[in-house]
């Protein structure tokens, strides 16, 4: 019996993953694990009736970031010689990544308002309204991202994606401006107040918010700068890995800010709840004399920091007085 063996030429480089692909998948899997842990910790024991604007923003940021990381790890392993996978990778950047950035900006706006506006409604604060208006240009930039992008397969079969200069440069400038805009009120807060206020828990809250603004926006700026320098011609797995690290750093930073100082012990939970009570007193309409005595004994030690901050964010529309923060510390 004669058997014939037919040699079928196969380019193993298009089948076996290369070093960059393996590294990208490891990065994506690590980031997915971190994001899943953060999302689980934030939603553990959460009830629908306790959700409000502030907490919804945080959970939505976690969910969009996880969705992007999960999509990336699938796309990275199927990028070579696959135009569909290449296109899905770019769409993930357009929707999940860009969506997480918009939510992150909205959270920073809310956070800046919490630590700079005292007993003032959101829509009666010029700074808050101005920040909201600044989210509108992102709609134009999003349209540019959809219209001016690069999606193609290189001669060797690798996927190339990215934004063209007409879309990436405005996005870079917009991100740089937002960085300055968020840092300016946070760096000047409390400069005209008493020195002992700088050791208060509210000042620590403002400082953590400043750190979050710097970290989140700086990481995004570096990522966008690389897109501009490459003119939007990046290998798909490189672009997706960088964006995955970007959203993961943002989530870790937000998680640190919203849960800083919390613990499973009653003592630590009481201390963190005191921080929330300070913020609530400075945000809600109430007895101004009580606002001064924020170091007193508090109740409901089971609440964590993000709870009352979110409550104060969601119910702030019920307040009306416009008085500067420094008045309560002189």
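Any Cβ shown, glycine's included, is placed from N, Cα and C.
Within its own chain, the transmembrane segment (22-41) is flanked in space by residues 59, 62-63, 65-66, 69-70, 72-73, 76-77, 237-238, 240-241, 244-245, 247-248, 251-252, 255, 259, which lie at least six positions past its ends and keep a Cβ under 8 Å from the stretch. The transmembrane segment annotation in TrEMBL covers 22-41 (among others).
Annotation source TrEMBL lists transmembrane segment at 53-76 (among others).
Among the features that TrEMBL reports, transmembrane segment is placed at 88-109 (among others). Within its own chain, the transmembrane segment (88-109) has Cβ neighbours under 8 Å at 54, 57-58, 60-61, 64-65, 67-68, 71-72, 75-76, 79, 128, 131-132, 135, 138, 142, 145-146, 149, 151, 159, 161, 178, 182, 209, 212-213, 216-217, 220, 236, 239-240, 243, 246-247, 250, 254, counting only residues six or more beyond its boundaries.
Residues or ranges marked as transmembrane segment in TrEMBL: 130-154 (among others). Long-range neighbours of the transmembrane segment (130-154) within the same chain, counting only residues 6 or more positions beyond its ends whose Cβ lies under 8 Å from a Cβ of the stretch, are 81, 83, 86-87, 90, 94, 98, 102, 105-106, 109, 112-113, 160-164, 166-167, 170-171, 174, 178, 181, 232-233.
Sequence-distant contacts of the transmembrane segment (166-187) (same chain, six or more residues past either end, CB-CB distance under 8 Å): 105, 108, 112, 115-116, 127, 131, 134, 137-138, 140-141, 144-145, 147-149, 206, 209-210, 213-214, 217-218, 220-221, 224-225, 227-228, 232. Per TrEMBL, transmembrane segment is recorded for 166-187 (among others).
Sequence annotations record features per position, and here TrEMBL assigns transmembrane segment to 208-229 (among others). Sequence-distant neighbours of the transmembrane segment (208-229) (same chain, 6+ residues past either end, Cβ-Cβ under 8 Å): 101, 104, 108, 111-112, 114-115, 162-163, 165, 168-169, 171-172, 175-176, 178-179, 182-183, 186-187, 239, 242-243, 245-246, 249-250, 253-254, 256-257, 260.
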